[in-house]
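Engineer: After the structure tokens below, expect a handful of questions from me.
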Amino acid sequence: MNIIVAKDYKEMSQAASQMIEEQITKKPDAVLGLATGGTPLGTYKELIRSYKEGRADYRFLSTINLDEYVGLDPEHHQSYRYFMNQNFFQFINIDKKNTYIPYGKTEGLEQECRRYEEVIDTVGPPDLQLLGIGENGHIGFNEPGTSFDSETHIVHLTHSTREANARFFESMEDVPTKAITMGIRSIMKSKKIILLASGERKADAICQLIHGEPDEQFPASSLKNHDDLTLIVDEDAYKKVQRKG
Ligand code: GLP
């Protein structure tokens, strides 16, 4: 595991965008695994800037997102499809048909899970997967207790995850109770993984990730079995690790 400790959120975002830019330069038709949440927003901003400065070309690139809420239309302002369009895709020259996100508005959820795993296997697996981390160690929407052998599946969101995401919705009742997420095994298929964490809120999770053993009760710990994992964390998220070490 490589660990990069950045001074703050901005430096963390710059370090991540630089690694992604290098990947695109090396392989213009690369497949990027992308994430939502507040954490990668700064990375997307940096990537948009580098695109505008002519340092990256997305024409041949594909992206595969980790997850999507069940029941939200892609046009819904809190859907992850909308998030990606608004915060990244609309600003770069990517072909929208090469951007993959699970479709959460379907009746055939099981079928959608199988279709998506096939996308991962045929379009992907990603050359580089970007990840955030939940306070309880979730990655994508893989909650504690998820099997390390899981592929794309439906999850019932825990109360804590719904609460953490409630800030984006008008009320707690509006937060979906289910989601489609790439499983742990699906995520592990990626050739390279970058996990980002910023702020004190994530300090316990980062401490557990670095010091703990792989354990299904802490989904992010599965990544310790990956041979190309880079953590990019800021000083606040790294605080507890330093105290212990
Ligand atoms: C959501 C997403 C995760 C994300 C997590 C942390 O649950 N499904 O992919 O990593 O939130 O979000 P944030 O980056 O806003 O702290």
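Note that Cβ sites are derived from N, Cα and C of the backbone, with glycine treated the same way.
Feature table excerpt (TrEMBL):
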type     : residues : note
ACT_SITE : Asp67    : active site, proton acceptor
ACT_SITE : Asn136   : active site, for ring-opening step
ACT_SITE : His138   : active site, proton acceptor
ACT_SITE : Glu143   : active site, for ring-opening step
DOMAIN   : 11-227   : domain 'Glucosamine/galactosamine-6-phosphate isomerase'
Engineer: Determine, from DSSP, whether Glu143 (active site, for ring-opening step) sits in helix, strand or coil.
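Structural biologist: SS state of Glu143 (active site, for ring-opening step) = coil.
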Engineer: Roughly how many angstrom lie between the C-alpha atoms of Asn136 (active site, for ring-opening step) and Glu143 (active site, for ring-opening step)?
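Structural biologist: Computed Cα spacing between Asn136 (active site, for ring-opening step) and Glu143 (active site, for ring-opening step) is 8 Å.
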Engineer: Taking DSSP as the reference, which of helix, strand or coil describes Asp67 (active site, proton acceptor)?
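Structural biologist: Note: Asp67 (active site, proton acceptor) is in a strand by DSSP.
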Engineer: Within the domain 'Glucosamine/galactosamine-6-phosphate isomerase' (11-227) only, compute the mean pLDDT.
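Structural biologist: Here the mean pLDDT over the domain 'Glucosamine/galactosamine-6-phosphate isomerase' (11-227) amounts to 97.
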Engineer: Suppose we draw a 10 Å sphere around the Cβ of Asn136 (active site, for ring-opening step). How many other Cβ atoms does it contain, all chains included?
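Structural biologist: Asn136 (active site, for ring-opening step): 18 neighbouring Cβ atoms within 10 Å.
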Engineer: Tell me the Cα distance separating Asp67 (active site, proton acceptor) from Glu143 (active site, for ring-opening step), rounded to the nearest angstrom.
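Structural biologist: One finds 13 Å between the Cα atoms of these residues.
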